[in-house]
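Enquirer: In case it helps, TrEMBL gives these features for our protein:
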- 34-52: transmembrane segment (TRANSMEM)
- 59-76: transmembrane segment (TRANSMEM)
- 88-107: transmembrane segment (TRANSMEM)
- 123-140: transmembrane segment (TRANSMEM)
- 146-162: transmembrane segment (TRANSMEM)
């Protein structure tokens, strides 16, 4: 599968979540719709990619897991989860991204940079630091959803720069 098609496919749950959140607005009756549709879309997209044995993007894996956990928690009526999600906003997504990045770094550091196995030191560690910095900034600016969206885009830019640096260092 072409890299851009894979990326668009992995971004689909986030887009579904964002569009349905925008359409639902502040109506409490519609609060479950974005999480439900986003979680269903994330589960389907991840299942298709795993069935095709395609390595999942670790940043988007964190985003998709957070949408699925939010949907699962809201549909099972987990006490306090709705308030926690409302308080954390995008910082909650970055918590899951940070946890996914940490586990990925421990399991296979080069996967955090979305690179094949090989020597990615110290660039993979810098990516982990950038993910932590994005979480801190998302937490500080959690009342500004536009900034949180830009932070996710900035993580992709940082990862691209670190991939290039790691590639150049191997030559």
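FYI, residue positions are counted from 1 along the chain as it appears here.
Note that Cβ sites are derived from N, Cα and C of the backbone, with glycine treated the same way.
TrEMBL: automatically predicted annotations, no manual curation.
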Enquirer: Which residues of the chain, 6 or more past the ends of the transmembrane segment (59-76), have a CB below 8 A from one of its CBs?
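Expert: Contacts of the transmembrane segment (59-76) (Cβ under 8 Å, skipping residues fewer than 6 from its ends): 7, 10-11, 13-14, 17, 31-32, 35-36, 38-40, 42-43, 45-46, 82, 85, 92-93, 95-101, 131, 152, 155-156, 159.
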Enquirer: Should anything in the same chain at least six residues away from the transmembrane segment (123-140) have a Cβ under 8 Å from its Cβ atoms, list it; otherwise answer none.
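Expert: Beyond its ends, the transmembrane segment (123-140) has Cβ neighbours at 59, 88, 90-91, 93-95, 97-98, 101-102, 105, 109-110, 112-113, 147-148, 151-152, 154-155, 158-159, 162-163, 165-166, 169.
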Enquirer: Same chain only, please: residues at least 6 beyond the ends of the transmembrane segment (34-52) with a C-beta under 8 Å from a C-beta of the stretch. Say none if there are none.
Expert: 1, 6, 9-10, 12-14, 16-18, 20-21, 24, 61, 64-65, 67-68, 70-72, 74-75
